[in-house]
Amino acid sequence: MDFKLTVLPGDGIGPEVMDEGLKVLNAVAKKYKHTFKYQYGLIGGCCIDKEGVALSPAALAMCKKSDAVLLAAVGDPRFDDPKLPVHPEDGLLALRKGLGLFANIRPVKVAPSLVNSTPIKAEIVKGTDFIFIRELTGGVYFAKPKKRWTTPAGIRKATDSMTYSENEIERIVRVGFELAKNRKKKLVSVDKANVLLSSRLWRQIVIEVAKDYPEVKVEHVLVDACAMKLILAPTYFDVIVTENLFGDILTDEASMLAGSMGMLPSASLAGIPAKGTKIFGLYEPIHGSAPTIAKQNIANPIATILSIAMMLRYSCGLETEAVEIESAVDKVLAAGYATIDIFKEGNTKLGTAEMGNQITKMIGG
């Protein structure tokens with residue numbers, strides 16, 4: 001099969017980890033006789049340097065003509081000053097909005113070989129395997145009104161409003177139900193319905209949509225309680241769905257269960273994934289650009305590689321090939337190979353490129 005992909009390496013360690021991801025994808029393509037055509041674009045700080053914007057209209061148009069988009073990392077400390085008119089992260093928000101990417105899917109799975117690499121006790125994280133679904137294009141991050149001003153008394157004020165429509169809630173909740181019905185048939189919906197009106201609407205919509213999925217057990221959990229339970233009993237969860245802000249915070253918390261943010265992939269989809277469907281999506285590791293370790297060959301490429309596996313599953317309809325990559329990663333980790341972020345005594349320490357080579361070798365490319 002033939003596929004057209006837009007590749008956005010981005011900032012910091014982005015180009016390095018993307019190289020390893022494409023190395024693995026090329027091995028899969030060779031083994032299964034697929035063709036992936038790559039077209040490259042700029043996003044983030046490197047785009048600001050060249051074009052004055054964090055995402056150019058040309059790059060967005062390129063993405064829209066692709067079967068999927070691969071992104072590595074966005075962020076540059078040179079643009080951290082909040083007074084600057086444009087920031088690298090603006091490109092990511094524009095990409096999500098411009099491509100209609102409303103559903104962020106983040107698997108959190110602890111490899112057996114890494115249970116002692118996390119800050120949580122091994123007996124607690126062992127067996128952790130759940131999926132976070134975060135709404136991406138609504139809520140406080142896309143606030144209207146959103147403003148900052150100074151009062152006549154000289155007091156600085158700012159406001160961001162959290163707004164959700166029932167349509168926005170329903171479509172992301174259906175993503176949760178669709179994934180839950182093909183797993184353990186258990187869905188946890190996270191909100192703050194004891195305080196926020198938007199969360200009360202969220203909970204009401206979840207209850208209504210649940211009628212279409214009688215086989216799925218639904219539980220409503222307040223966001224603060226969820227934050228505690230993720231640490232106390234992560235194996236309790238299977239599929240979690242929540243709004244934008246809560247999801248942003250909770251998914252970073254959950255990343256520590258896996259030992260490193262360098263282990264976790266993500267998919268941002270423009271549709272509801274169901275068996276037999278191909279959904280346009282953006283695929284990226286959850287980690288940042290990590291500029292302090294860029295160009296040192298020490299960044300962990302596994303999150304990018306696993307993001308490519310998710311692309312094969314959701315946007316290309318290639319489940320066997322996706323499992324091939326995931327299995328190769330598991331085997332390499334089980335053999336004791338590790339990048340510096342997950343390294344422990346007894347492991348064989350590898351650099352970025354060397355980890356990519358080992359996973360490629362396991363696939364047979």
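Backbone N, Cα and C atoms are what each Cβ position is placed from, and that goes for glycine too.
Here Swiss-Prot flags Arg96, Arg106, Arg134, Asp224 as substrate binding site. According to Swiss-Prot, the site 'Important for catalysis' annotation covers Tyr141, Lys192, on the basis of sequence analysis. Annotation comment: Swiss-Prot describes Asp224, Asp248, Asp252 as Mg(2+) binding site. Marked as NAD(+) binding site by Swiss-Prot on the basis of sequence analysis: Gly288, Ser289, Ala290, Pro291, Thr292, Ile293, Ala294, Lys295, Gln296, Asn297, Ile298, Ala299, Asn300.
Overlay of Swiss-Prot annotations on the structure.
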residue : record                         : contacts (Cβ under 8 Å, 6+ apart)
Arg96   : substrate binding site         : Leu136, Thr137, Ser268, Leu282
Arg106  : substrate binding site         : Ile131, Phe132, Ile133, Arg134, Thr251, Ala254, Leu264, Pro265, Ser266, Ile286
Tyr141  : site 'Important for catalysis' : Leu93, Asn244, Leu245, Asp248
Asp224  : substrate binding site         : Lys192
Ala290  : NAD(+) binding site            : Gly12, Ile13, Ala73, Ala299
Thr292  : NAD(+) binding site            : none
Gln296  : NAD(+) binding site            : none
Asn300  : NAD(+) binding site            : Val17, Ser260, Gly262, Met263, His287, Thr339, Ile340, Asp341, Ile342, Thr352, Met355
Cα distance (Å, whole number) from Asp252 (Mg(2+) binding site) to Ala294 (NAD(+) binding site): 21
Residue among the recorded positions Arg134, Lys192 whose Cβ has the most other Cβ atoms within 10 Å: Arg134
Rounded Cα separation (Å) that holds between Gly288 (NAD(+) binding site) and Asp252 (Mg(2+) binding site): 11
Neighbour tally for Gly288 (NAD(+) binding site), based on other Cβ positions within 10 Å of its Cβ: 16
Where Arg96 (substrate binding site) falls in three-state DSSP terms: helix
Number of Cβ atoms other than its own within 10 Å, given for Asp248 (Mg(2+) binding site): 16
Asp252 (Mg(2+) binding site) CB neighbourhood, other CB atoms within 10 A: 14
DSSP-derived class (H/G/I helix, E/B strand, else coil) of Asp224 (substrate binding site): helix
Asp252 (Mg(2+) binding site) versus Ile298 (NAD(+) binding site) - Cα distance in angstrom: 21
Cβ neighbour count within 10 Å of Ala294 (NAD(+) binding site): 17
